[in-house]
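Going by TrEMBL, these are the annotated features:
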type	residues	note
TRANSMEM	18-38	transmembrane segment
DOMAIN	41-74	domain 'Connexin N-terminal'
TRANSMEM	76-98	transmembrane segment
COILED	98-140	coiled coil
DOMAIN	165-231	domain 'Connexin cysteine-rich'
TRANSMEM	209-229	transmembrane segment
Amino acid sequence: DWNFLGGILEEVHIHSTIIGKIWLTILFIFRMLVLGVATEDVWNDEQSEFICNTEQPGCRNVCYDEAFPISLIRYWVLQVIFVSSPSLMYMGHALYRLRALEKERQKKKAQVRVELESTELEMTENRKRLERELRQLDQRKLNKAPLRGSLLCTYVIHIFTRSAVEVGFMIGQYLLYGFHLDPLYKCQRDPCPNTVDCFVSRPTEKTVFILFMQSIATVSLLLNILEIIHL
């Protein structure tokens, strides 16, 4: 269930740049949606259809553990969560800044109203100026905090952090599985009596998803670099 994370990222979407919005769209559609709809169906037989040519008790389990140290489904879910996490830091700062600006605006409005009430009716020009200033303050309500100063620093830090996390997960996936899933896995772990041949179900389909997820991670990383340059 991605509803909680999706709701938070929708709020982040409001406070992001154009490139940041594209990055979030890719995260929603090509990662979360694919993970929720398509990928799970491909990997639901990961352990049940991992067949080894031996009846030795425990051999198939230890060979599966060696072939798949972590389920790629869970690995990609962790990747989405950890890559999204730096955005929470930025969103918290953005909301804090937005509330501070709104308090400042309300304080200014209260000051102008006090001045307006204390201004004599005969002072027409002064009243018009104060009324105009009050209207401008009413129209100046912000939906998002301006991206400058300390908020800009936080935004840049959060992009660098999620880029580093992205690279870490990409390298981790490559070290665990490479870019290709072999249909045959040879296992020599105890308690297997000798070298055992184990067979992975739907290796080609799974390889396609491995390449797809690595490609999406690469695109996301390039968008992060482009956003840093754009800022």
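Backbone N, Cα and C atoms are what each Cβ position is placed from, and that goes for glycine too.
Bear in mind that TrEMBL entries carry predicted annotations, made automatically and left uncurated.
Long-range contacts of the domain 'Connexin N-terminal' (41-74) within the same chain: residues 35, 173, 176-177, 185, 187, 189-193, 196-202, 205-206, 209-210, each at least 6 residues beyond the stretch ends and with a Cβ under 8 Å from a Cβ of the stretch.
On the 0 to 100 pLDDT scale, the coiled coil (98-140) averages 68 in the predicted structure.
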